[in-house]
Structure formats: C-alpha cells, structure tokens
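Per Swiss-Prot, ATP binding site is recorded for Gln87, Gly105, Glu106, Gly107, Lys108, Thr109, Asp512.
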Amino acid sequence: MLGKLINKFFLSRNERILKNLNDLVIKINILEKDLLKLSDKELKKKTNEFKLRLKYGDSLDSLLPEAFSVIREASKRIFGMRHFDVQILGGIILHKQCIAEMRTGEGKTLTATLPAYLNALTGKGVHIVTMNDYLAQRDANKNRILFEFLGLTVGINVSGMSRLDKKNAYLADITYGTNHEYGFDYLRDNMVFNSEKKVQRKLYFALIDEVDSILIDEARTPLVISGPIENSNILYDRINSLVSDLIPQNKKYDNSFNEIGDFCIDYKQRQVNLTEMGLKKIEKLLVKYKFISKEESLYLSKNIFFIHHILLALKAHYLFLKNVDYIIKDDQIIIVDEHTGRIMSSRRWSDGLHQAIEAKENVFIQNDNQTLATMTLQNYFRLYKKLSGMTGTASTEAFEFNSIYNLDTVIIPTNKPMIRNDLPDLVFVSKSDKMNAIISDIKNCVFRQQPVLVGTVSIEKSEKISRLLNKLNIKHNVLNAKFHSQEADIIAKAGEPNAVTIATNMAGRGTDIVLGGILKKENNEKFFTTKNSVKLLNIWKKKNRLVIKSGGLHIIGTERHESRRIDNQLRGRSGRQGDPGSSRFYLSLEDTLMKFFASENVIKIIKTLGLKSNQSIEHPWLNSAIERAQKKVENCNFDIRKQLLEYDNVINEQRSVIYNERNKLINKLDIHDHILFILKDRINFCIKQYISGNSMNVDSFFALEKELKNNFYFIKSINKFLEHDTTLYENVDKLIDLIVTTIQFSYNKNTAIVSKKYSNMIEKSVMLQILDIFWIEHLNAVDFLKQSIHLRGYAQQDPQQEYKRESFFMFQSMLEAIKNNVIKSLINIFFVDFKKNKNIYINFIDQKDYDSFHFLIMKSINIT
C-alpha cells in the first residue's frame, strides 16, 4: 500500500514538472518557424550573438528557448533529424540539473546536444561522460559536425592520450570522455609539480550518459592511482596454504559467532568474518608453521597484519569465482566487470586482494601496490558546479540520486506508446530444468525467425548457453565485450531475422537494436540516390517487416539480477520507438538471488507444490516476492555505497586541504615568505620544549643550543645573547624573537648564494615532494585503519566515529611532520648540499631538465 502511494505521489509530481515545462516547449516550437528563413551563415552567427548576450547579462535560462531552437534547426540541416518534443523536454530537464529517464531508442545522444550547446556558450567547458572509450569516440565524431557547424569545438578524452592532447581536449567547448578518465585526470593533475602540466580546467558542467551505471553501479569502486612497492610475495603463498585448515560455519549468513566454524561468510556484504574459535585456531597455525613464536600473541601490533592476510585469502577462495569475477589469461588474473561482463585488463584489486587470488590460482604473484591518490566517483562528480544525467532506468534509484547527489529524477514520456509484452517470470526447481526451457524458447524464436537476445549475469553462463546451442547447431553470437567496437557491431545485428545473441545483461548499452538490423549509410542524400542503396533499402524493409510479423525482438533473462534496474535495462533493449517485442525471465531455486535473498517461506511454498522435472510456476505473487528479494539487495548495496561515501567524506575534507595547498604552491611564483613562516613556527615549537612559563633556567641553555644547532644550524651562543641583554632572562618572548630572527637571517643568507629563481624552485620542489610523500603515507595508513576499524564495534564503540576521530589525529600529525621535514630538508640543501652540488642544481634548472632536478631534490630529502 505504501509503495503504491509513493508511486502515485512520484508520478503526479512527475506529471506536474512536465506540465510546467510544456509552455517552454511550445515557445521553442514557435521560434522554429523564424529560423527556417535563415541561411546557414545566418544560423551560425547565432552562437556569437548568444555569447555576447551572456557577456552583457543575459542568463542561460533566458537564452534556452532560442538556443534549443537553433540547435534543433542545425540538426535538421546537418543530420536530417529533428528533435522530438519529448527530446526537447529531456534537454530542459538535463539543463536544470536533473536526471532524465528516457527509454532505450528515444534518442538520448541527440537529446544531450541541447543542454551541451546551451552550456557550452559560457566558454567554461561541458563534459559529456560515457561508459567506455568507444562510445565517447562514436558520439564525439557523430556530433562534431553539428557543433562545429555552429562554431563550437569538440574534444575527445580517452585512455592512452598524451598530456598535450588531453589538455587540448579539455580546452574544447564540449569534451566527450569516460568517467574513469575524467576522474583519473583530476587525481593526476593534483600530482604534478608545474601548473602547465595540468590538463583540466575548473569543473563546470558534467552531463552523464547511462548515469545509473556510472553513479550507482560503479560507485562502489573508488578511483585509485597506485604505484608498486618492493615487498616479498612469499607471504601470500604461505597464508594461502592455511585456508584449507579453516572450516566455514554451517549457517553462512549468521554473524552470531555461536555456530561451529572458524569463519562466517556474508554473501550480501561480500565479507568474511573470523569467529572466536577461528582466531584461536589461526594463532595455533601461525605458531605451528613458524610465522610467530610460541611466546608471541596474534594480537601484538606487529602480528595483527596476519589477520588481514588470512581474511584476504578466505575472500579469494569463497567470494571471488573464476570465470565470474575474473578469468586467467597469459598466467595473469584479469578482472571481469561485475556490471558489464567486460574484461578489465588494466585494473587490479587493491589492498592485496589481487595477490591473494593469484596465490589461490597458483599464477605469478605480482608486487603489492601502494595508493598514490584515491577518490570515489561520488566525490569527484560532486566537484562540478552543474551535474545532470540520462538513462533508461533511473526511477528505482531516485532516492539515492537525490540523497547523494541532490539530483531529482524526471521520467520523460516516450515519443510513441510502448507495446512490448513483458511476460511473467517462470520459476523452476533446478538450473538444468530452467536451462532446458531457455533453449526451448530460443528454438521456437528461431523457428518463427524472431530475433532473440539472451541476457546472462556472467561470462561463464554465456559460454554454457553457447555450448548448448552449438550442440543443436543453432547459429548465434556471444557478446564477450572484449572490444567495444566489435560489441556495437554484434548488438547492431541482433535485430535481424533468426539472430540469436547472448550477452551479459549490461553489455552493448549505448547501441540501439533496430528490427531488421541497422542499415549503414554514409549520408542520407547519397544513400537514397544510388541504385544499389535502393536495393539494400528494400532488403532491409523486407527484413524489418518479417521481424515485426514474428513479434519483434524477444528478450530472455536467464536469471534475475540483484537489481531491478539491471533487469529493466535488459528488457529495455526491446520495444524501442513503439516497436513490438517481448520479454521473459527464467528462474530456478538454485539461482543466486533465490538461494541467498528470497525468503524461506517463498522457497518452502514452491517446494511444497511438488513440481516435476521441467515443470515451472508463474504467478503475480511470485513476481512480487522476487521483487522484494531484489529490494533487499538494492538496500544492502545502497548501504555499502553510502558507507563508502561516508568514509570517503572524511578523507575528502583532508584531500581538499592538501590539494588546495598544492595548488597554492604550484601557482605561487615565490613561496619564500611561506617557508620563513613555517621556519618560525618550527623554531617556536622547538624552544617551547625547553621553556617553563615565562622564564628558563640556565641548565636548559645547552640542551636548547644543541637542539637548535642540529635542526636549524644555529651557531650562536644563547649565553652571549643574555650577557648582552640581561632582561632576556625574564622576557622569554624577546629571546625567542631574537633566536628566530638570527636563524631566519642565516637561512636567507644561504639561499641568497643563488638567485631568487633557483632558490624558489628548490623550496617549491622540496615542499611539494614532502607533501606528496606524507600524503601517500597517510592514505595508506588511513586505508589500513579503515580495514580494521570495524573491530571497534565489538568494544561497543561506533566504528565510523572512531575512524573520524583517529584519522583527524593522524592528519594533524601528518601536517606537523610535513613542516618539520620541509625545514629540515631545506636547511640540509642550502647549508650542506650546496657546498658540493650547487652547480648541478643550477644546470638542471637552466637546461629545463626538471625530472633530474626533482630527483636530485628527492635524494637530498631526509624523512624522519
């Protein structure tokens, strides 16, 4: 009942929003008549006119009707495609920083040109975000001619580009790229030593295609730039051998540590927890195999990391499956994207998990990595001044979009009514019965020449269906998604008569399945005037009619995904633009969703029906029960993403402080006064260790002098200061000022050996490198803290509050350590190293060999 009320409220709210925008759509349509009279040259001039009006005070909102009319008219002239009214609505919604839910085939790519053109008029840059490099290049190349016709520039930002090419791409009015590339560029920009090496401008407007995949599905995996660290990988092998000695609890989801067993597996959270019994056994095993001595405890600070390694090994064995989560190729573990089924050859799991899986599979164990920079996608996209997105499936995640990103979701009506027939789910007792029914459905589709798209949840299951079809000599395509361009071609042919296409549920998004197949043409005019093209067109029309007669594209879901939205995405491949189509999901009690998340009552009732071999059950009640199971998983995944964001918000505040400091250092020509300020702060801190109240005793003089000499090359005698001015005994502040002035004078004298240009570059390089060294150490220390902080829960402490508190103290300690080491290193360079290496520093700067210069600085830095 509550769900129906929420839906009713949401729909009525949606209708109100669309109704309020209707007048704006009418206004845009009226303006269309005036633009028909303009020549191409006159239409192009509109862009400069809009820019001038913005400059003199007009707002983007006031320009919207005219700007949308102009790009619609340009699209008609360039592509022969006129934006539908529903696409105009979508464009307005995107400009107003909302999520536009537009069904598959409704022309999201063309819709995006509307807000992209309008916001590009500001000159601040529009970033259109896609799921992969292929889609970024395809959409950029397709729309480039349209935007360039109107005087705007288009850039492409994909992996493998040079820094200069990336910089030029970001300088364009409209840039197409992938979410990861935008995020990694931001992190890389905050690791450079020179502002000229930055590629991004200030982040203004991001328009995200398939926004649910990028902001929801991929939000659980943070962006991480890592570098190798030297370490021994033997430990992973040795710990891996202990796993067989550990026994899982019988109730795999029960976290009450009363069950017999060494560890329990939480499949919902994808976590492994050790029981008290397990911890005792592990301690005995570590002693037995001589990891630790008999006298030592597992809980000693130097041994606690063994628990982390054992948990990694258990995760590798029980939660990460071959040909589902990863494949083995060329003696390497290659990650399979859980959402798309794509091979992620350039990525590795962090925190030692990848090494644990390598040990499990007995392949070469590569070195551990340390985190150099990290950020969640949530926090990256929240840096943009304006953010919006579009997808075919957003309404189920409307709450998350609003609570995390402050984005409202608006459902855009379809241009033509949806007539797809979504058939009820069929539930079988066993997987084999279900598979027989799926194969039978495919055979029937082939018999009536109906194209069928079979959606699976993993590569392994795709290959299993493929093997069964091969035995029956049924021609089919398997979408392995290794190459995005090949993926698009296979999807494009999936609408042809008799076509059988097997794909992971999310693969091929971004390419429409056209009934009869896609008819390729260079351009409309040339295509329809050639004799051969007319012949091809007639062939396509015949195929199109045949497919429509057979029932349109049929979708088969081989099991329910843990998210309703992913199921809707699969269904949404059929029934585009009012086309006929159908969909059916096949389930079994052995499916992951049913086994782990469906209620025991549902499974019990189905079993009591006494279904025979190859018999199935279908009922609206059953569909509701499955939906409830999916909602459970969705809520669980939302909690995981929310928790990830809450933890990252803590580090995000610290990251902002560090990145702001870096930017100030990079952009400032002279940081000498800043260094003198830090020097004064460190001297004051040092002196106050030896001062009690407002006076100091003579015994402290010698200890203080020694400390000042060691840290600041202070060669004066405090006694002589006191002999010269006896009031200093009682006026400690005056004495401190005298010591500070003396040391600062000495520092200035030594830096003046070279010109300001050289000394400033040295100061800047030291400051930046030490900042980076300690920030990297801090990131890894905080990550280690995060991995173990949940244990505080057993001591009746709030892990999240404890994490905030401890990470704050760690951050404060890091800032103090940075200041200490900056001063120590600069004094070492200017007071000691300059005596022998001064000319080397100067030569590197003069020759603009900055890599060698920074390396020389690094060698002179002595971290304590």
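Even glycines carry a Cβ here, placed using N, Cα and C.
Overlay of Swiss-Prot feature records on the structure.
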residue: Gln87; record: ATP binding site; DSSP class: helix
residue: Gly105; record: ATP binding site; DSSP class: coil
residue: Asp512; record: ATP binding site; DSSP class: coil
Quick check: which same-chain residues outside Gln87, Gly105, Glu106, Gly107, Lys108, Thr109, Asp512 lie with their CB within 8 A of the centre of the ATP site CB atoms? Met102, Thr104, Leu110, Thr111
Out of Gln87, Thr109, which of these binding-site residues shows the lowest number of other CB atoms within 10 Å of its CB? Thr109
Around Asp512 (ATP binding site), how many other C-beta atoms are within 10 angstroms of its C-beta? 18
Cβ contacts of Lys108 (ATP binding site) (under 8 Å, same chain, 6 or more positions away): Gly90, Met102, Asp209, Met390, Thr391, Gly392
Recorded ATP binding residues, Gln87, Gly105, Glu106, Gly107, Lys108, Thr109, Asp512 - maximal Cα separation rounded to whole Å: 16
Cβ neighbours of Glu106 (ATP binding site) where a neighbour is any other Cβ within 10 Å: 24
Gly107 (ATP binding site) has how many other Cβ neighbours within 10 Å of its own Cβ? 19
